[in-house]
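A.B. asks: Quick one: the structure is below, questions incoming.
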Amino acid sequence: MPAIEPAAPREPRLTSAAGRAPRAVPAGTAHGGNLPALTSIRFLAALTVVLCHFCQIGLLAVPAWFVAAADGGRPAVSLFFVLSGFVLAYNYRDKLGGNGVRAFYAARVARIWPVLLLSLLPALAVTAWLLLAGDATLLREWYGLARPDLPMLAASLLCQVLALTAWLPFAGLNQPWNGPAWSISCEAFFYALFPALLAWVAARGSLALLRWCALLWLLQGAWIELVDAATPPSRSGFLIAQFPLTHLFEFVLGVCAAQWHARMPLAAAARHRFGIVLTGVSVAILAAPAFSSPGRWPAFYLQAPAFGALILGLALLQRPVLGLLHRRWLVVLGEASFSLYLLHVPLGRLAWLAGWPRAYGWLALAAAVALSVLVFLAYEEPMRRWLRRRLAPAVPAPAGAALPASAVRG
């Protein structure tokens with residue numbers, strides 16, 4: 001799951017006459033950004049991934065229809081990529097001049113690497129157990145290794161720290177330690193392209209961007225078809241599901257959606273109605289897999305355009321429509337979703353190794369969510385602020401980078 005910064009300045013904490021905070025977060029900005037909803041959907045997407053992975057680990061009994069409809073959580077990661085593109089373009093439009101690029105990359109490093117490095121600590125405990133116990137079955141199932149291989153594990157660890165695993169379609173390199181960190185490789189690639197991509201998108205009209213997105217979506221499908229036909233299953237699965245180039249369209253779509261949002265010429269009421277239509281249609285499309293059999297195309301490929309429509313629709317709303325998405329507790333969970341995403345697999349494996357009963361798997365899930373909030377408040381945010389000051393001390397943060405993303409935080 002990509003890390004995303006807030007799409008808008010954090011609203012001041014409101015209180016009632018009795019001094020209690022309201023249960024809902026204000027809807028959005030004067031420009032129609034229904035931004036709390038974008039933060040909240042991060043948690044829902046991360047929760048989908050966690051449920052699927054806990055089921056695979058054997059820690060939780062999840063209905064088979066849910067895992068099938070969620071396609072193992074892969075579409076949820078694609079949602080993060082689209083959302084990442086949208087939020088970064090929303091926050092950094094007209095902010096990359098002068099020292100702005102330095103500030104952008106400082107923010108990216110500060111956002112990702114503290115939690116990535118922290119997630120390797122429980123992964124280290126899992127790895128030590130596998131090596132000491134000599135469990136060949138788990139070593140192959142979890143790490144893709146036929147035998148204990150210290151040089152391969154060391155190379156895999158280095159690739160994880162450098163955010164390179166998704167470029168290497170070898171199970172022994174990208175499965176050990178913390179498998180979900182493959183998405184960080186994609187995000188790092190997107191970040192490298194972002195300044196040039198944002199300038200390219202800004203120089204083109206809205207209809208031209210729509211045509212480019214349609215072309216890139218078709219090219220993504222052609223790439224998936226080529227990989228499936230020309231490479232063995234031991235490689236094609238990684239190249240289709242994890243390879244950064246495969247997911248580039250999703251990030252570009254998010255950047256374009258932010259441009260469409262900024263250029264929307266409609267009055268506030270019309271923007272709101274259009275947002276309702278986009279949100280309703282996209283939700284209907286995204287719900288379809290729950291009522292249909294899996295097809296030949298990956299679900300994330302078919303659903304990516306709907307993710308773009310959903311994010312744009314939510315951002316256009318002038319007031320809450322899906323009220324749950326504006327609840328303060330869900331917004332907080334959305335802010336902590338990056339920690340949840342990166343920590344859940346190593347923690348889940350430790351719980352399984354400790355003999356956590358499957359019947360109480362929901363308690364393990366609740367503990368992982370609670371821990372992610374604690375990590376966000378006590379470690380992730382303080383480290384992010386400290387690193388940004390150290391890496392770019394003279395550059396003010398862009399408007400909206402106040403502070404939650406892969407979502408709405410960058």
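Cβ coordinates are placed from backbone N, Cα and C, and glycine is handled just like the others.
Features from TrEMBL:
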type	residues	note
DOMAIN	37-376	domain 'Acyltransferase 3'
REGION	1-25	region 'Disordered'
TRANSMEM	43-68	transmembrane segment
TRANSMEM	75-92	transmembrane segment
TRANSMEM	112-132	transmembrane segment
TRANSMEM	152-170	transmembrane segment
TRANSMEM	182-202	transmembrane segment
TRANSMEM	239-262	transmembrane segment
TRANSMEM	274-292	transmembrane segment
TRANSMEM	298-317	transmembrane segment
TRANSMEM	329-347	transmembrane segment
TRANSMEM	359-379	transmembrane segment
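Walk me through where these features lie, including what they touch and how far apart they are.
C.D. replies: Only residues 6 or more beyond the boundaries of the transmembrane segment (112-132), in the same chain, are considered here, and those with a CB under 8 A from a CB of the stretch are 3, 138-139, 142-143, 148, 153, 157, 160-161, 163, 176-178, 181, 184, 187-188, 338-339, 342-343, 345-347, 349-350, 353, 375, 379-380, 383-384, 387.
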A.B. asks: At least three Cβ pairs under 8 Å linking the transmembrane segment (298-317) and the transmembrane segment (274-292), pairs spaced 6 or more in sequence?
C.D. replies: yes
A.B. asks: Quick test of the contact rule: Cβ under 8 Å, at least six residues beyond the ends. What residues does that give for the transmembrane segment (239-262)?
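C.D. replies: Sequence-remote neighbours of the transmembrane segment (239-262) are 31-33, 74, 78, 81-90, 93, 166-167, 169, 174, 182-183, 185-186, 189-190, 193-194, 197-198, 201-202, 206, 209-210, 212-213, 216-217, 219-220, 223-224, 227-228, 231, 298, 300, 304-305, 307-308, 311-312, 315-316.
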